[in-house]
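*Asks:* Okay, here's the structure, questions in a sec.
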Amino acid sequence: MAVILETTLGDITVDLYTEERPRTCLNFLKLCKMKYYNFCLFHSVQRNFMVQTGDPTGTGRGGESIFCKLYGDQARFFEMETNPRLKHRKVGTLSMVNNGGNMHGSQFLLTTREDVDYLDGQHTVFGEVSEGEDILNQINEAICDNEHRPYQDIRINHTVVLDDPFDDPAGLADHIPDRSPEPTKEQLESGRIGADEAIDDTAGRSHEEVEEMLQEKEAKARTQILEMVGDLPEADVAPPDNVLFVCKLNPVTQDEDLEVIFSRFGEIKCCEVIRDQKTGDSLCYAFVEFEKPEACEEAYFKMDNVLIDDRRIHVDFSQSVSKVWKGGPNATKGGQKSKFELKDKSKGAGKQYDLILEDEEEAGHSRTRGRDRSPDTGHDRRSKDSESRSRHDKHKKKHRRDSSSSEDERRHHRKHHRKERDSHDKKHRKHDRDSGDESHGKRDRHERDDRPKHREHYRSRSREKEHRHSRHEKHRHKH
């Protein structure tokens, strides 16, 4: 069973699941038969999701079933059919919209992508698109507002029932018109671009007007790009009208020279030749800021192609917005600091027109570092480092001398101790040769008596040696 939906973009043919969803298909077929859907808007178009229509009011909150026409307002909605379970798997699946409480009226939707499984069980699937997928895709690509409503109306002009297997309920014949009705004024007043209106911005315009319009659009697109990349504070920013741009200057021309020349047109607030950041050489162009825009305009008309320092200059109105960022009609209000700042240049460079973007936080850090750092700070730090290195070298030399002297002292003590021990042994051996057994016994006793004293002397020497060594180690660790 099939129905043709004739839309303002083309025809869409849908096949109905009359066996699986008999009550829903009966409601849809009889509404189509009585031309209920004629001039209904596609009031919701969610790209790559679904398109929704079937509400004669065009708000998405209206619509009623065929049973309301037959039995009154108590039958405005009917219950959804859930068995057998059908899913939203295909592009172009036709489904009845749930009006709340699992009740249906007249609104229906068509899916514009596959596997919209989260609609399963919420809306009743009762058909699919068999022809006109390209028309459905055109509806899907419509330009819409934030509420998913197309800016240009897309409507169902007419519905044609190709086959109806259901008998007409009693009383339905009274609601079926002989011919398709004409749209009412309320139906056509949607507040949007009409479905039959041609959108042509160039209609009724001359070639020059069309060119100007295209240039304005291109300029607007460029300013939006500059705003996105951070080269402009906002797309609608405009340069000041009291600043004159002067170029083709002689490199010898100074700020004071230009101020004297241009001051005859009016009071000058600022006059500066832009210079190279590193070398300080003139870049042969300048900005002259007047107190009044009228003086700037007069200088523009009278100073172009004038000879200054053997050079014919060219003047034009300034297109720079750097001073606007610093503080002007488009600067931040309420005493707040601008997000962008102008960083001062050294070597005589232009300070007001030389634009550098810098975040507020980074600017604060840079200013803090600039205040804390003095010109002599680096020199003081280098002198302190050299002093600390010299002290460190002195300590190392002293430590080496102390270690070498202590080593010599220990070597001397060991040598002296060996000499004493050898001399003592020689004396005992000589005494043993000269004396007999008695004297030998006396010598043994004397040796036994002297042995503890010798050991005590050796231990004292060892302790002294260990003490000196530990003292040396402490000194070395401390250093």
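Cβ atoms are placed via backbone N, Cα and C, with glycine included.
Annotations in TrEMBL come from automatic prediction, not curation.
So TrEMBL lists the following for this protein:
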{"type": "COMPBIAS", "residues": "175-189", "note": "compositional bias 'Basic and acidic residues'"}
{"type": "COMPBIAS", "residues": "338-347", "note": "compositional bias 'Basic and acidic residues'"}
{"type": "COMPBIAS", "residues": "363-390", "note": "compositional bias 'Basic and acidic residues'"}
{"type": "COMPBIAS", "residues": "391-401", "note": "compositional bias 'Basic residues'"}
{"type": "COMPBIAS", "residues": "432-467", "note": "compositional bias 'Basic and acidic residues'"}
{"type": "COMPBIAS", "residues": "468-479", "note": "compositional bias 'Basic residues'"}
{"type": "DOMAIN", "residues": "1-161", "note": "domain 'PPIase cyclophilin-type'"}
{"type": "DOMAIN", "residues": "242-320", "note": "domain 'RRM'"}
{"type": "REGION", "residues": "167-192", "note": "region 'Disordered'"}
{"type": "REGION", "residues": "324-479", "note": "region 'Disordered'"}
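So where do these features actually land, and what's packed around them?
*Replies:* Across the residues of the domain 'RRM' (242-320), the predicted structure has a mean pLDDT of 92.
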*Asks:* Provide the three-state DSSP residue tally for the region 'Disordered' (167-192): helix first, then strand, then coil.
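*Replies:* Helix/strand/coil tally for the region 'Disordered' (167-192): 8 helix, 0 strand, 18 coil.
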*Asks:* Going by DSSP assignments with H, G and I as helix and E and B as strand, what are the residue counts for the domain 'RRM' (242-320)?
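*Replies:* Taking each residue of the domain 'RRM' (242-320) in turn, the totals are 21 helix, 30 strand, 28 coil.
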